[in-house]
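All remarks here apply to the structure that follows.
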Amino acid sequence: MEAPYSMTAHYDEFQEVKYVSRCGTGGARGTSLPPGFPRGSGRSASGSRSGLPRWNRREVCLLSGLVFAAGLCAILAAMLALKYLGPGAAGGGGACPEGCPERKAFARAARFLSANLDASIDPCQDFYSFACGGWLRRHAIPDDKLTYGTIAAIGEQNEERLRRLLARPTGGPGGAAQRKVRAFFRSCLDMREIERLGPRPMLEVIEDCGGWDLGGAADRPGAARWDLNRLLYKAQGVYSAAALFSLTVSLDDRNSSRYVIRIDQDGLTLPERTLYLAQDEESEKILAAYRVFMQRLLRLLGADAVEQKAQEILQLEQRLANISVSEYDDLRRDVSSAYNKVTLGQLQKIIPHLQWKWLLDQIFQEDFSEEEEVVLLATDYMQQVSQLIRSTPRRILHNYLVWRVVVVLSEHLSSPFREALHELAKEMEGNDKPQELARVCLGQANRHFGMALGALFVHEHFSAASKAKVQQLVEDIKYILGQRLEELDWMDAQTKAAARAKLQYMMVMVGYPDFLLKPEAVDKEYEFEVHEKTYFKNILNSIRFSIQLSVKKIRQEVDKSSWLLPPQALNAYYLPNKNQMVFPAGILQPTLYDPDFPQSLNYGGIGTIIGHELTHGYDDWGGQYDRSGNLLHWWTETSYSHFLRKAECIVRLYDNFTVYNQRVNGKHTLGENIADMGGLKLAYYAYQKWVREHGPEHPLHRLKYTHNQLFFIAFAQNWCIKRRSQSIYLQVLTDKHAPEHYRVLGSVSQFEEFGRAFHCPKDSPMNPVHKCSVW
């Protein structure tokens, strides 16, 4: 779904040299020999006839031709030997001089692959450990990180590039936005000024919200004037803090040509509702740590009766958790069932304890009519929220809303607040050491000036040539999906036609949005003040301007070419309500993609990610949307029932995987597992198409593996990763992706071409007889 704006090989081909022999009926004059051939002392045609009888001239000519042919064969053999066996073989053969880009890239690729492998492990028993065992042995998780993997290493490279760009002087070419992002970055680094201010910036925000306990006893000053709607406006419309529910502007799922206001369940601080329910020892520990965190922040902000306040706010959040529905519940995954478009007048009747027209008028600076339509995505939840408002003391409601604002902004305060946040994160996820300040500030620059920073990034680190090559790779993989659709035996003709139409209409965005090349267009995204000495105020200015941009969209025409993430993002995504795939420049970097790598590695690396995102258009979530991005059931009942049966096979497969005594939830991870499996197949068959069109690739120097095997190794090495044990608990609980080990094993074991490439015996762990397959 689209979020509100305010809130992420080529070779030197063998050149055949055609040498022309002029030996013929006219004699041997002018014979041309390739360079390096020794030239004989042959006699001229005018020599003594007695030394060269007439009948032997043909023999001499024939002999010369044979000598020439033998010499030519010797040269060709030498060239091929250099190409295939010499140190430059991986780089395109003997024609590639020492130090040429292809040779260096191939050598780098070979070193990377071989260092990550553990050849002592049978790939047919545990392909992940075979492909990643060497990497796992050699790497530890940095103290300030929860995880570390091969993709994270690309992120480190991108971060270093961004830091260097931000460290440059503010002057020079570029628009105001580039100067602002550098000033913002410096303001974030200025901890001396941040420490000097201490809690003061947050205390001013709390005062703006009415202070603590304003909704208390009637004899308190201001108690009679307390208005929940005004405080909700402050929280949601000024500070962008979701409280009780969320208000966003997004594409209308049933009419993606227009924007609509969406109201949904929200307002919890912890990342998953079940953490509030303390159903196991780990969630009990996290809940206890959260209570300590609340008390610590409340004390830092001068609140009284800290334990009581913390307990009351926590109990209110627990009530919200009890009436919320998990994001992985069938009720949430079925978008059509959740979608409920109502008028403002109807909304007021459904949820009567809020003044909806007044609230939306204030946030959107509009005068909405009672007939204005909004989309309610959690009708039952919102009805229960209305009852919760009625039954909860005003003082507790007020403190909860103020707390939600505090949680959103406290990371931008002085060291005591940051230390409290780190202690909570340490208990939840296990990171021992806080992130270094420069990384924190780079993250904030990405969040608040993503496109401005992206303009700097793509100018120096992503070429138009790379963009064109990746676009061609995407088209090859799309072509394969079109073929696969035709070959499916479980999908009828009517559904195939709709699936092909969706593929044809799918938009593909690669690298960066074109407006980044125009400084004045980038400047319009950041028309707010930034000063080097006012970091907290810079944050507030950014939040308020982002809200303005978001609310203005409600009356604007939809631009389906807009991007959700900036180009430096180390990510890729598919948006079903736009039918749009996006591959930012940040992920199109070595080792996922390198134009000089063998194509087996590019298709196994970035190609499987492209196939993954493409398959999302046809998984259990994306498959609910049609070619225009509208929520519309385009399947026949017969085809859809076949799809569900095939999907259930994948659910059962992943339900059998466990990590740290936690069972992977096959239903939670279904969409990502379908995409992993489908993406692997599409990329593999696209690579086979490339080989048919360009010819087999040359062996990678000093590696004994075929390029089909290297394709699968590259895929697996995308997901070489280490996680802290505490973070695995949250991953299994909240992540829609299966743990990386099982992303690899689940995908390759269900693909017959993998077993064929590695000669895996039938019914070995990586080549079971019965396989799950959708696409």
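Each residue, glycine too, has its Cβ placed from N, Cα and C.
Other Cβ atoms within 10 Å of the Cβ of Glu613 (active site) number 23 in total over all chains. Among the features that Swiss-Prot reports, active site is placed at Glu613.
The Cβ neighbour count for Asp676 (active site, proton donor), using a 10 Å radius over every protein chain in view, is 28. Among the features that Swiss-Prot reports, active site, proton donor is placed at Asp676.
Taking Cβ-Cβ distances under 8 Å and a sequence separation of 6 or more, the neighbours of His612 (Zn(2+) binding site) in its chain are Ala572, Ala675, Asp676, Gly678, Gly679. Swiss-Prot lists His612, His616, Glu672 with the feature Zn(2+) binding site, giving sequence analysis as the kind of evidence.
Residues or ranges marked as compositional bias 'Low complexity' in Swiss-Prot: 32-52.
Look at Swiss-Prot and you will find Cys124-Cys760 (among others) tagged as disulfide bond. Within 10 Å of the C-beta atom of Cys124 (disulfide bond) sit 19 other C-beta atoms, taking all shown protein chains into account.
When Cβ atoms from all protein chains are considered, those within 10 Å of Cys720 (disulfide bond) total 24, not counting its own. In the three-state DSSP scheme, Cys720 (disulfide bond) falls into the coil class. Taken from Swiss-Prot, the feature disulfide bond covers Cys132-Cys720 (among others), and the record attributes it to sequence analysis.
DSSP assigns Cys188 (disulfide bond) to a helix. As annotated by Swiss-Prot, disulfide bond applies to Cys188-Cys441 (among others).
Under the three-state DSSP scheme, Cys772 (disulfide bond) falls in the coil class. Neighbours of Cys772 (disulfide bond), defined as other CB atoms within 10 A of its CB across all chains, total 20. Under the heading disulfide bond, Swiss-Prot lists Cys649-Cys772 (among others).
The domain 'Peptidase M13' annotation in Swiss-Prot covers 99-775. Predicted-model confidence for the domain 'Peptidase M13' (99-775) is 94, expressed as mean pLDDT.
The region 'Disordered' annotation in Swiss-Prot covers 30-52.
The topological domain 'Cytoplasmic' annotation in Swiss-Prot covers 1-61 and is backed by sequence analysis.
The topological domain 'Lumenal' annotation in Swiss-Prot covers 83-775.
Under the heading transmembrane segment, Swiss-Prot lists 62-82, citing sequence analysis as support.
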Neighbours of His612, His616, Glu672 excl. site residues, C-beta within 8 Å of centre, Zn(2+): Tyr574, Glu613, Thr615, Asp619, Gly671, Ile674, Ala675, Asp676, Gly678, Gly679
Disulfide-bonded residues compared (Cys132, Cys188, Cys441, Cys649, Cys760) - the one with the fewest other Cβ atoms within 10 Å: Cys649
Per DSSP, three-state class assigned to Glu672 (Zn(2+) binding site): helix
Which of His616, Glu672, all binding-site residues, has a Cβ with the fewest other Cβ atoms inside 10 Å: Glu672
Candidate recorded positions Cys124, Cys132, His616, Cys720, Cys760, pick with smallest Cα gap to Cys441 (disulfide bond): Cys720
Nearest recorded site to Cys720 (disulfide bond) by CA-CA distance, among recorded positions Glu613, His616, Glu672: Glu672
Cα separation, Glu613 (active site) to Cys132 (disulfide bond) (Å, whole number): 23
